[in-house]
């Protein structure tokens, strides 16, 4: 089986940075324990990234995943997830007697602060994203009153837009660039003027999606590897499938639909921004063995 593997597949800068910060806390805790000091408890606030294998590995190291601020105990070292958290939660975390390490992706943090600045200037946010995604919940916390979220142009068309309101447009950092531009054009037509835009979709997302599209146009089938909870991975699968090629999204090689793939001559392989290289490698080896 011939496999074309995306060069952009695997960890992005934000994920790598978040995991390095968490690893550093784990290493420091182990060093202190080796010196005879009590081992401090390490936790993340929410899953550090959206990948089940990575989360399982950290759980095996004793890293806890907290969901509520009141779960934080004195002396805990708490690492904020790569997706960021609502600013009210971050403030509450920092009020606890704990060490708080912010592992929010720099691109997400920039989006948070940009949204806050626009809202302070009197504009109202229109956010293209998944309403229940943790990054989106965090972004909205910087937006104040009146912010509106939409996950598609169809949803945008159904929003109660007010002609007298000064809007600005932003997106979840891992959103589909093409769909974002369609939304931007629709707003221009609907409101009769260009809406100010925050360019919050990160370059890594844009490059990954474009490479997935390019590969999908050359192959008989497309395999996208990454957590089912990962929004950026789901969108890679979406943009690949939109090219008319059979596309499958799996978390590891054991989930591959072997019989459907066996007759393919060329298979494309890409992966989400939170997928470890080891899983991508294992998937590639399995595909090449078919």
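Keep in mind that glycine also has a Cβ here, set from the backbone N, Cα and C atoms.
What Swiss-Prot says about this protein:
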type     : residues                        : note
ACT_SITE : 135                             : active site, proton donor
BINDING  : 12, 105, 202                    : [4Fe-4S] cluster binding site
BINDING  : 50, 83, 133, 230, 232, 274      : isopentenyl diphosphate binding site
BINDING  : 50, 83, 133, 173, 230, 232, 274 : (2E)-4-hydroxy-3-methylbut-2-enyl diphosphate binding site
BINDING  : 50, 83, 133, 230, 232, 274      : dimethylallyl diphosphate binding site
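Annotated features taken from Swiss-Prot, shown on the structure.
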residue : record                               : Cβ contacts under 8 Å, 6 or more apart
12      : [4Fe-4S] cluster binding site        : 105, 202, 204, 273, 274
50      : isopentenyl diphosphate binding site : 83, 226, 227, 229, 230, 231, 233, 272, 274
135     : active site, proton donor            : 83, 84, 108, 129, 172, 173, 174, 231
232     : isopentenyl diphosphate binding site : 174, 205, 208, 226, 272, 273, 274
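Counting every protein chain shown, the number of other Cβ atoms lying within 10 Å of the Cβ of residue 274 (isopentenyl diphosphate binding site) is 29. Neighbouring residues of the recorded dimethylallyl diphosphate site, listed in sequence order and excluding 50, 83, 133, 230, 232, 274, comprise 49, 82, 135, 174, 227, 229, 231, 233, 272, 273 (Cβ within 8 Å of the Cβ centroid). The [4Fe-4S] cluster site is set by 12, 105, 202; from the centre of their CB atoms, other residues of the chain with a CB within 8 Å are 13, 14, 15, 106, 107, 108, 173, 174, 204, 205, 273.
Every protein chain considered, the tally of other Cβ atoms within 10 Å of the Cβ of residue 230 (isopentenyl diphosphate binding site) stands at 23.
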